[in-house]
Amino acid sequence: MPRIENEPKLDFKDVLLRPKRSTLKSRADVELDREYVFRNSKATYTGVPVVASNMDTVGTFEMAAALNNHKIFTTIHKHYSVDEWKAFAASASPDTFNNLAISSGISDNDWTKLNTVITELPQLKYICLDVANGYSESFVEFIRRVREAYPKHTIMAGNVVTGEMVEELILSGADIVKVGIGPGSVCTTRKKAGVGYPQLSAVLECADAAHGLNGHVMSDGGCSNPGDVAKAFGAGADFVMIGGLFAGHDQSGGDLIEHNGKKFKLFYGMSSDTAMKKHHGSVAEYRASEGKTVTIPYRGDVNGTVQDILGGIRSACTYTGAKHLKELAKRATFIRVTQQTNDMYVPFEVPTVPAPSK
């Protein structure tokens, strides 16, 4: 019988972080590096736990090389060929593989390709198993299969939005569970399927479930600005995956388009018409597109955006009195709000000029 849960679920836009007394004198005093030991692989991670999404307009080899300079992670999209992987490995800095994951679906072809790439590139340490609906039994079985084949690799898996499924994926072999259904800027699942979960509440609940098993969670989607990234960490996310904020740069995928003397880059969801026609030839007759395609202003080199995101996180830590990023979730108190910002002069803002690549 249908039922309604009456407890309100919250998104990033519904809250702000309350400022608290702080002993920090400067944002420069904040330490963003985290160190994790993963439950199943037993491997140790050290870095800044911001992650570029495994979309083909974001998770590129070029993005991985650029973000590695900041100790930021990249999940490489799954549509690179084995030969492209080998060419990248031949030219990449060895330490890039400390901040990089190979992504895979769960089909037989995906399994074959995953095995081939890992055989050719033994330096790979991370595997990202990515499906839109992480609640299927076939997905759980695939995680078990990968864990059995690669016991020392760290496995990211998702997406789900509820605690009981987080526990299921961790107990099946996942080290990091990706949390988020429908919050992304170019995702339309909530409109097409009517399914989803507000991202802040999803992260709060899933982090609680994962941490009880010594597992980890990655908030995936819904961050439209650096403040949202800080809120995700404050809600208990161990990693925060970003798509749209990393799109539109020199290192991003997507076609560069000129219109009326201005430059734009194409950005689209991986379940959009654009993505399915590009990678599969058409949209299967039994399904609907659950993503959209947009043109976003060209942003130049990604390093400027990285500085903006990390600066925002440092500022949030300073306001809440968290000297280390790991303290932010302990220091965070969220207040519900009816309005976040004063948008009086938004139509008159001077646009940022993209910084050229070096």
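Glycine residues also receive a Cβ, built from the backbone N, Cα and C atoms like all the rest.
Per Swiss-Prot, the features are:
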| type | residues | note |
| --- | --- | --- |
| ACT_SITE | C187 | active site, thioimidate intermediate |
| ACT_SITE | T189 | active site, proton donor/acceptor |
| BINDING | 26-27, K78, 130-132, 181-182, M270, 286-287, 315-318 | NADP(+) binding site |
| BINDING | G182, G184, C187, R190 | K(+) binding site |
| BINDING | D220, G221, G222, G243, G244, G269, M270, S271, R287, A288, S289, E290, G291 | GMP binding site |
Spatial neighbours of G244 (GMP binding site), counting only the binding-site residues I181, R190, M270, T318 and Cα distances within 10 Å: none
Neighbours of G182, G184, C187, R190 excl. site residues, C-beta within 8 Å of centre, K(+): G180, I181, P183, T188, T189, G196, G221, E290
Assigned conformation of T189 (active site, proton donor/acceptor) - DSSP reduced to three states: helix
Packing count at T318 (NADP(+) binding site) (other Cβ atoms within 10 Å of its Cβ): 19
Nearest of the binding-site residues (S26, V131, I181, S289, G291) to C187 (active site, thioimidate intermediate), judged by Cα-Cα distance: G291
Whole-number Å value for how far K78 (NADP(+) binding site) lies from G222 (GMP binding site) (Cα to Cα): 22
Cα proximity to A316 (NADP(+) binding site), best match among recorded positions G184, T189, D220, G291: D220
Collapsed DSSP category at D220 (GMP binding site): strand
Site with most surrounding Cβ atoms, counting all protein chains shown within 10 Å, from the binding-site residues S26, S289: S289
G182 (K(+) binding site) and V131 (NADP(+) binding site), Cα-Cα, nearest whole angstrom: 13
Residues satisfying Cβ distance under 8 Å from M270 (NADP(+) binding site), sequence separation of at least 6: M55, D56, G291
Close in space, distant in sequence - the residue listed as 'active site, proton donor/acceptor', Cβ under 8 Å, 6 or more apart: A132, I181, G182, V195, G196, S271, E290
G222 (GMP binding site) CB neighbourhood, other CB atoms within 10 A: 29
Spatially closest candidate among G184, R190, S289, the listed binding-site residues, to T318 (NADP(+) binding site) (Cα to Cα): G184
Binding-site residues clustered about K78 (NADP(+) binding site) [Cα within 10 Å; pool: G184, R190, D220, S289]: none
